[in-house]
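Colleague: Below are the structure tokens for one structure; questions will follow.
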Amino acid sequence: MSKSLQAIRGMNDILPEQTPLWRYFEATVARLLDNYGYKQIRMPIVEFTELFKRSIGEVTDIVEKEMYTFEDRNGDSLTLRPEGTAACVRAVLEHGITGGGQTQKLWYIGPMFRHERPQKGRYRQFHQIGCEVFNLDGPDIDAELIVLTWRLWGQLGIRDAVKLELNSLGTSESRGRYREALVEFLSAHLDKLDEDSQRRLKTNPLRVLDTKNADTQAVLVDAPKMADYLDDESRTHFEGLKARLDAAGIPYVINPKLVRGLDYYSKTVFEWVTDKLGAQGTVCAGGRYDGLVEQMGGKPTTGVGFAMGIERLILLLETLEQIPEEISRQVDVYLCAFGEAAELAALTLSEKVRDQLPNLRLQINAGAGSFKSQFKKADKSGALYALILGDDELAQQVVGFKPLRGQGEQQSIAFDALAAHLATCIVQG
Ligand code: ATP
Ligand code: MG
């Protein structure tokens, strides 16, 4: 196929064989968030470029090199959203729903776009589910976000494969003092830093901490520690969070080098990581961003949130073979009809059954076909039962009812009794 008729590199189709697992995953998360009292918000996929520059930060990887930015027909600079927090903050401000200190516990789902090097677990269009909470400033809500993801991992059967890493970046004041100390230290060792870190030292010095370069890592061993620069407020907050995680029995490790890529974090930052997916091991990441709303022109409003990468979590479910059996079966009953008259009767009968059993997954054969070919399709559909309607059955106003998975003999069921009979055989969702 010519290249212009192929999907863009790093932007994937999610094929019919994959969507059941996606829908199971999305439904599981949505139900959980409902149960914790979070409300869904839906934002546009495109925003003014300025929004992301202002919120994410000019010198982050995302803004420097990963954004899909273009001019629209009016000459406005627009960007496909690389993440959800900026648009969410924009939306709550625009609609005034965090005004007067109103609390909001929100979640969103959808595609995000980053121009990165595509590889397993890293794509140019990928999907996130995220939460953002506004106007709750205690560690209790930080803990709730972590507790609910922990419950999710339990429901999905992947708890043993993920590990929680935690750090505190402190308030912007303590972070500022730490940054100064770090810059002073690193400047004294400038010649031993890799090129990227030398550049970051000037633009975004905290990011030097998560360098992959071994020489720079060696220098960092003696660098000042963030924990020593936390002020009382940050320290108390962090202790409060840890106490709650301990009470909830959630294991964690403190990772002093965890700084996150985005500019806007303060106090709590965390990541759920797995060693089962190779280099792309972070499946969920988040933190507190108490200064962001104000930085974007709103009244002081605290915020905390996270985003999880759906592709990586789907990969993890597949890797761990945590795929629930019920999602592999999409059809309960397959109705075969032979001849024009039987087809008409099959249509009215199936619609009547659907009236009575709205959750029944009933597939009616389309495209006619011999007994053998329809039966083959019935079997391939994964249905538990086939219904058979030919001229003989029509004359007697019955259907043949045949178990396809070896539970008993074929029997005849009167049209009128069909719905009631199916209701006894099939557990409906
Ligand atoms: P990474 O360090 O892997 O690049 P990040 O810090 O850029 O991640 P965030 O911006 O915090 O990621 O996004 C939250 C989550 O979204 C990540 O933990 C990951 O699961 C997922 N994610 C981020 N970028 C991608 C991508 N390009 N493809 C697939 N999933 C992604
Ligand atoms: Mg990234």
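For all residues, glycine too, the Cβ spot is worked out from N, Cα and C.
When I checked TrEMBL for this same protein, it listed these features:
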- 1-358: domain 'Aminoacyl-transfer RNA synthetases class-II family profile' (DOMAIN)
- Glu83, Gly84, Thr85, Arg114, Gln128, Glu132, Arg260, Tyr264, Tyr265: L-histidine binding site (BINDING)
Colleague: Please give the maximum pairwise Cα distance, in Å and rounded to a whole number, for the L-histidine-binding set Glu83, Gly84, Thr85, Arg114, Gln128, Glu132, Arg260, Tyr264, Tyr265.
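Modeller: Spelled out: the longest distance between any two Cα atoms in Glu83, Gly84, Thr85, Arg114, Gln128, Glu132, Arg260, Tyr264, Tyr265 is 21 Å.
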Colleague: If you count Cβ atoms within 10 Å of each one, which of the binding-site residues Thr85, Gln128 comes out on top?
Modeller: Thr85
Colleague: Taking the Cβ of Tyr265 (L-histidine binding site) as the reference point, list residues of the same chain whose Cβ is under 8 angstroms away and which are at least six residues distant in sequence.
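Modeller: Residues satisfying the criterion: Leu169, Val259, Gly287, Arg288, Tyr289.
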Colleague: Give the mean pLDDT for the domain 'Aminoacyl-transfer RNA synthetases class-II family profile' (1-358) on the 0 to 100 scale.
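Modeller: The average pLDDT of the model in the domain 'Aminoacyl-transfer RNA synthetases class-II family profile' (1-358) works out to 95.
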Colleague: Listed binding-site residues are Glu83, Thr85, Gln128, Tyr265; which sit with C-beta under 6 angstroms of ligand 1?
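Modeller: Those binding-site residues that pass the cut-off, since their Cβ is under 6 Å from ligand 1, are Glu83, Gln128.
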